[in-house]
Amino acid sequence: MAPDCLFEYGPGCDANKTPAGASTRNDVRTVKGSVPYGGEGIYACEKPGTVAITYDDGPYIYTDEVLNKFKAAGFKATFFITGNNIGKGAIDEKWSAVIKRMVAEGHQVASHTWSHQDLSQITEAQVYDQMVKNEMAIRNIIGKYPTYMRPPYSSCTAAVCQKVLKALGYVVSYFDLDTDDYNQLTKEKIEVAKNNFRNAVNGANPASDSKLSIAHDIHELTALNLTVTMIETLQARGFKGVTMGECMNDPAANWYRDSTAAPPASTTATTAPTATPTGVVSTDGSCGTQGKNQICLGSSFGNCCSQYGWCGTSTDHCGTSCQTLFGNCGTNANAPTSTKATSAAPQPTTALKTSVDGTCGASTGFTCVGFVHEGVKSECCSQYGYCGASTDHCGTGCNPLAGTCRN
């Protein structure tokens, strides 16, 4: 399960799931407010007398109790949400109620990526994928998505990560008060995290100082123990618990972008298409918003468009999360929809360049032909858009226009 599973190699990793609905990748990203996007990020608040308590990695089974404690105190928090990690399931399928509650009670919802990958260790295309998928999922819940984010592991290099986040219009958010709660997960050790918070706040002056703290609501001791201490410490010292946006003097209208597409009624796959898909028939095996909006219906690769944006005929393509707008789904999916005959198997297109990072297909512009990984010729482009030489790469769903499909 994410973030530890090898998402590059197949559908078994939950990080490869794509939320339902239109992609936000090409949304207009106008500048909102004066807090800078991208770059080295924000480490400190600007509004004296405030402390922004932030939580990473949730929501989880303890988050409602965190909200209860903040409601009782009249304080607000910021939740940097991951879309699908630690086996909790996709947020727009499992956690809609608690995220809607966050917004309804005045808290700030921000992004912590889709599956908590290290943004300094993946490709530019994968960084976009991590951010856009989380936008789609959050959009599916609250009808908008955040402009604030925190990089997992506080890792975001200038060459790729910072550039992408600036292009997407994100305030890169860090902290100057680390509770270190995730390293203190026993009843004895949690006192260390509590003292980390107490010492920082007790040494600050509400008339001139502010703090930006980090904790993790996926841990029971953080939610039920540390949270109480943080709130009580602020109350005792005369600080106000606020969102990160407020502590940056950034109006709430700047914390989100309106979605350019309406949220889907449900993320559950239907068993039959509601309308005949229309559009350009796929020429390279890709489909959907991930594949230039090509459709599978009538293609030589199969009539179903999988949740990962590839045409095929298997259960993985035609079953759960099959994209009905770009192909058939359900029991009729394998039925031929075109009488056009092909005289030979499709050959790899020469329009694509040999992959430089192991990705392939129309969405990346790369072919696997000529690609070598760790000394092994890896010329098959899997249905999920990665080069390799295994049966999973060269078998069902292999893209013949971006590789050889021979192992």
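Keep in mind that glycine also has a Cβ here, set from the backbone N, Cα and C atoms.
Model, not experiment: these values are computed from the prediction.
Features reported for this protein in TrEMBL:
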type	residues	note
COMPBIAS	259-277	compositional bias 'Low complexity'
DISULFID	CYS304-CYS318	disulfide bond
DISULFID	CYS380-CYS394	disulfide bond
DOMAIN	49-242	domain 'NodB homology'
DOMAIN	284-331	domain 'Chitin-binding type-1'
DOMAIN	357-407	domain 'Chitin-binding type-1'
REGION	258-277	region 'Disordered'
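Using a cut-off of 8 Å between Cβ atoms, the domain 'Chitin-binding type-1' (284-331) and the domain 'Chitin-binding type-1' (357-407) share at least three residue pairs, counting only pairs 6 or more apart in sequence. Distance from the CA of CYS394 (disulfide bond) to the CA of CYS318 (disulfide bond) is 19 Å. For the domain 'Chitin-binding type-1' (284-331), the mean pLDDT of the prediction comes to 80.
Each of the disulfide-bonded residues CYS304, CYS318, CYS380, CYS394 was scored by the other Cβ atoms within 10 Å of its Cβ; the lowest score goes to CYS394. If you measure from the Cα atom of CYS394 (disulfide bond) to that of CYS304 (disulfide bond), you get 19 Å. Look at the domain 'Chitin-binding type-1' (284-331): DSSP puts its residues at 10 helix, 9 strand, 29 coil.
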